[in-house]
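Contents: one structure, followed by commentary.
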Amino acid sequence: METKRIVIKIGSSSLTDAHGQLDRMKLHDHVNAIAELKANGHEVVIVSSGAVAAGYSGLGYPSRPVTIAGKQAAAAVGQVMLLNNYADAFRKHGLTIAQLLLARQDFERREQMSHAYSALSELLKRSVIPIINENDSVSLAELTFGDNDMLSALVSGLIHADFLAILTDVNGLYDKNPNQYEDAVRYHFLKELPDHLLRETSDASGSKVGTGGMKSKLRAARTALSLGVRTFIGTGNGADKLVKIINGEGDGTYIGTESLKPALKVSKQWIALHSPISGKIEIDDGAVHALMNEGKSLLPAGIKQISGHFLAGEVIQIVDQQNHVLGKGQVNYSSEQLDEIKSLPSMRAMDLVNVCHPEVVHRDNWVPWTAVLRPVPNERRNG
Ligand SMILES: Nc1ncnc2c1ncn2[C@@H]1O[C@H](COP(=O)(O)OP(=O)(O)O)[C@@H](O)[C@H]1O
Ligand SMILES: N[C@@H](CCC(=O)OP(=O)(O)O)C(=O)O
């Protein structure tokens, strides 16, 4: 049997009881199913929610806190309880776990993203099961993932996973919220996620503890697909549930086909999804053709105009002369240098600013505004 690298996202709703508190039976059910995957030789990374749910009652809150400070405190208490429970449960299977707490800022800094990649790769090599959660207690309010769906998609891209399973309390995506409409119909398989599905799907959570509802799972699934990772959204019970899920027999919705394009390199993922945009370069039609159709790098000769102040190594947006965004790239020249050399032949440009490589943006550091950068409807573009 082919072994796979699998990311399992476990939502709060799949870890808690009717009062919104950590349900150890549910946790053990997931652990048994993950142990089964490991026994079959698969590599597994868990993205687990549940810290706030596990911690709030111990802090004396009558229900899940709504204030930022309340959630941060509850997560700090609950994360310890959550991981202790996982560690005990996995130990019974002879398996070791590791904890990684990630914040959105960790993805915005290229080195930190590479460190996360290296640490995860090493843990997987040593057959340890990394358990990731958002670093709720320190995440900046305006920069939190909020739920772990998007985090799980980004992690699955980062480690070039073969499959992302988002476990929740509903058995897949329905054409309308099944909690409200009895006649809601479930999708078993979707080749891709069209815009209208994202627009129409509700962000209402089905439980007291979940965040983001089905909409955030679809956003995450779209990101995972664009990073080359097939996704499942659904549920299941018993030790064989995950084996069934990865064999295509799971109770839920499968999104994407086996023949997705391969994942982008980590450096391109950073440029595409996380890097801040420091400026803009407008290019002529010849350069548009070279970049978009011929897989070439951007040379000084194709540059018409520069906006913003940026340094060499920063990421800028590239637009055509009608101001259509073409993509993002990491520049080898500062905006000051580019102002001097725009439209010039490469040799002259290099002489003028004393730089030894002709590419303004090398094709290895260029990501076109295709699937990865495509904004989810009703949302701001990255940057
Ligand atoms: N179209 C839909 N299909 C399926 N579930 C939906 C849909 N719209 C809203 N939901 C709700 O989304 C919930 C799952 O999201 P959420 O509560 O955030 O789960 P989790 O805690 O697992 O992240 C379901 O319980 C369901 O009530
Ligand atoms: N990081 C938070 C997760 C917040 C949350 O509700 O996420 P989810 O259940 O995935 O919608 C926690 O551990 O409680």
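Cβ coordinates come from backbone N, Cα and C, glycine included.
Cross-referencing Asn40, Asn148 with the substrate binding residues that TrEMBL gives (Ser49, Asp136) picks out Asn148. Per TrEMBL, the candidate among Lys9, Lys38 that belongs to the ATP site alongside Thr168, Asp169, Thr211, Gly212, Gly213, Met214, Lys215, Ser216, Lys217 is Lys9.
Proximity to ligand 2 at the level of Cβ atoms, with a cut-off under 6 angstroms, picks out Asn148, Gly212 from the binding-site residues Lys9, Asn148, Asp169, Gly212, Met214. Over all protein chains present, the Cβ of Asp169 (ATP binding site) has 19 other Cβ atoms lying within 10 Å. Contact annotation for binding-site residues (Lys9, Asp169, Gly212, Met214) versus ligand 1: Asp169, Gly212, Met214, each with CB under 6 Å from a ligand atom.
The Cβ of Asn148 (substrate binding site) lies under 8 Å from the Cβ of Lys9, Gly11, Val47, Ser48, Ser49, Ile132, Asn133, Glu134, each of these being in the same chain and 6 or more residues away along the sequence.
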